[in-house]
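Here's what TrEMBL has on this protein:
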DOMAIN    A:195-298  domain 'ABC3 transporter permease C-terminal'
TRANSMEM  A:189-213  transmembrane segment
TRANSMEM  A:234-259  transmembrane segment
TRANSMEM  A:279-300  transmembrane segment
TRANSMEM  A:326-348  transmembrane segment
TRANSMEM  A:368-389  transmembrane segment
TRANSMEM  A:410-432  transmembrane segment
TRANSMEM  A:633-653  transmembrane segment
TRANSMEM  A:685-703  transmembrane segment
TRANSMEM  A:723-744  transmembrane segment
């Protein structure tokens, strides 16, 4: 009988435990291959997204005779893009990708997601004037959840100074303006996802490979003693892992295809894609269907090494070798050294700019630290267990610590998945804090800017009076572009500035504006004169007005960020003649800062002036969109990591309990109490887990801070997430402790006491 | 003939079943205080099943087992556990020691399970271990011991709490003849010295010859060995118990 046939026979005709182990290994491999296929498909998904974004970019040019105007506004954390098209009276208009015909004036073509949204929010129809006549196909959208519309308008309805001639559309091979994820974000994202998903998965697979390790090793050692060569013994062992990995790989690819088809219908991860984008390539299939089984074969051989080389020791259940301390030290010391060094730099206030060196050192340090923590767990906890066992008076602790002391590797397999998850959660928090710095709003209000020339006086009045708008002003840019003149009353200034900070304001005369938190410019020096060009309501030039900076000063603090930050002069609105306004000015509106209120206000403003560019100050929609995608992906990674980590814990803890049945049977025969057995089982799980989670929290904190110190952001130390992490750690401990209790069954099976 | 005529352990008409298979059929057995009783028989004859039933590990399918007049069937699981913990001792072929514990910790385990603190329990175990020649090895892990040494630790663990009955299942089965004889001598001497009854299950005639009385098992049926006095009459008998 060949090793292959023998291995197959052992798998197919094995006991119930063998079949359960095979099933778990297959499931683990399937999950791993599905994650791997998803990770390998991400570049293709991003490329498809960017290709279609580039292919539908509107190009200016005189060839078609049509005009277009592009508006991009935030809708929640998604951009809402509207392309206003005014077709010529004669001739053809280039067709946008995914659109059957160009909308005529009064017609709208929307993406399916925007169509659904319109049905939910009738107020949004104001921003999309016209009748929806068609939907955009996948060729014209970056993803199924995108909010995109082509709006047909007459030439008179488009602002003449902004509408441009429509020449055509881009092509897939140019870089788009709106990449799915910034190049700078991709690397930390991949790294964090790897930590979140692949590390717990690696632990899970190694747990599956080692299931029923004691019984299997004894069986393999018996085969070796019966005359099987060392190489063949390892082959017999590898056949099982190979079969499980091969079946698992096929299932995993199938699972990936299922999820790929399902993602289209959800906006769950912020980056929903079309099924065709996420189909695995030939290389991905090769890596999944050939690479994974090959790795599993090698892992199976490696597992049988001990039984093949030391069969007698395995049969006699000799004491396992002590865990290797030097390997853990080799990883954890340099890793901690790197992250601690950057933390020290952060403590002393040194701002480390992002560079090639930091982008290599910080991930390397984090990886080394994570791997080092896991490898350091067995020697550290074994040492600790020996000390506790020697000093404690409690029998459960003695039993648990002595058991752990002799088999720290088994405990490592039980807890390392959860420890790595907690460590990765710290890192994830660092990435989120770093990203959050671009979008975090702490201002007491939200400002909106609308170019004055894009709205009629009636629209302007309607905007000022619309629900949700509490303050308004007109900010005119001075010709030197070094600041703004603010046309507002003292009451209006108080509504725009940080509450309670306006001092010395008197209505009826121009006053210098001074914000102590802003830079002092020469333009604010008393006596400096600024010339402002004026236009009438028809848009015709109406002369100019001259304003001199007076001695009298109003002190105020602008919210951050604010359109008022560069204001240097406060001028009463009545100073200007009726029916005249500054030529280069913006209408500044102020409202509540809550995201829901902002969205409702944007809907209303867009309904009043559909083609006007309404800019919510400080909201960078591209950053928000990317943040949403990154948060979604990290959230998915966290959930996957949690599932895999918990699965690894449960599988290995159950397996350990099964391996320890003989020991439990002996203790039960000797009359051990249930509570003593449970306490011992609980302590056995909790000691390595508590040490591991403690280490992971500290090391994760250091790694997170080193990432923030080198990330170029302003926040180095993030205390907000610490209570949540600590609570999560305690929660993991509590759940693990409780989960270990049912495994301590005092059932006594005489079979376990039978003679060998 | 016996200082206390009341039997410490009594089985009447005991059947042990594994599903449809009858492993022990109508077994009657009596164990007097301080008595060493051997149950012999070929492999698969039901010796171990009977021992597990008498030790309260297996519930009989029929019949009854009682210890000092208390029937097992009337006892809760916790009471039965307490009985095993405080009144019974066990010696098995492979010792069934906990490999991660030291010699001293293994030997004192029944006392610790009964609630004694570590110091007194270790102090109680030391003289027993010394008598068995293990005084020098108290700090060693049992995985570092030879088979004979491990079996001595198992004997110490079985006797350290001065049980009423020790159940021994092939106690020397894993040892060579020299070691087997030495361990068995020490075991029985210690047990007799403490007035402990011993139920010895073995297929080795040499081991069985150390017993005061002998039963033979064959296909699940138990009978008194030839020329062995009955505990009730003191006369030699060959009557089948079933």
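Note that the numbers count up from 1, one per residue, in the order the chain is shown.
In case you wondered, yes, glycine gets a Cβ from its N, Cα and C as well.
Where the annotation comes from TrEMBL, it is an automatic prediction and has not been curated.
When the stretches A:234-259, A:279-300, A:326-348, A:368-389, A:633-653 are ranked by Cβ pairs under 8 Å to the transmembrane segment (A:685-703), first place goes to A:368-389.
Residues 188-189, 192, 195-196, 199-200, 203-204, 206-207, 210, 213, 366, 369-370, 373-374, 377-378, 381, 404, 630-631, 634, 637-638, 641-642, 644-649, 652-653, 656, 659, 684-685, 687-689, 692-693, 695-697, 699-701, 703-705, 707-708, 711, 718, 721, 725, 728-729, 732, 736 of the same chain lie 6+ residues outside the transmembrane segment (A:410-432) yet bring a C-beta within less than 8 angstroms of a C-beta in it. Proximity of distant same-chain residues to the transmembrane segment (A:326-348), defined by a Cβ-Cβ separation under 8 Å and at least 6 residues beyond the stretch ends, is recorded for 358, 361-362, 364-373, 375-376, 378-379, 699, 702-703, 705-706, 708-710, 716-717.
Helix, strand and coil counts from DSSP across the domain 'ABC3 transporter permease C-terminal' (A:195-298) read 79 helix, 0 strand, 25 coil.
For the domain 'ABC3 transporter permease C-terminal' (A:195-298), the predicted model reports an average pLDDT of 81.
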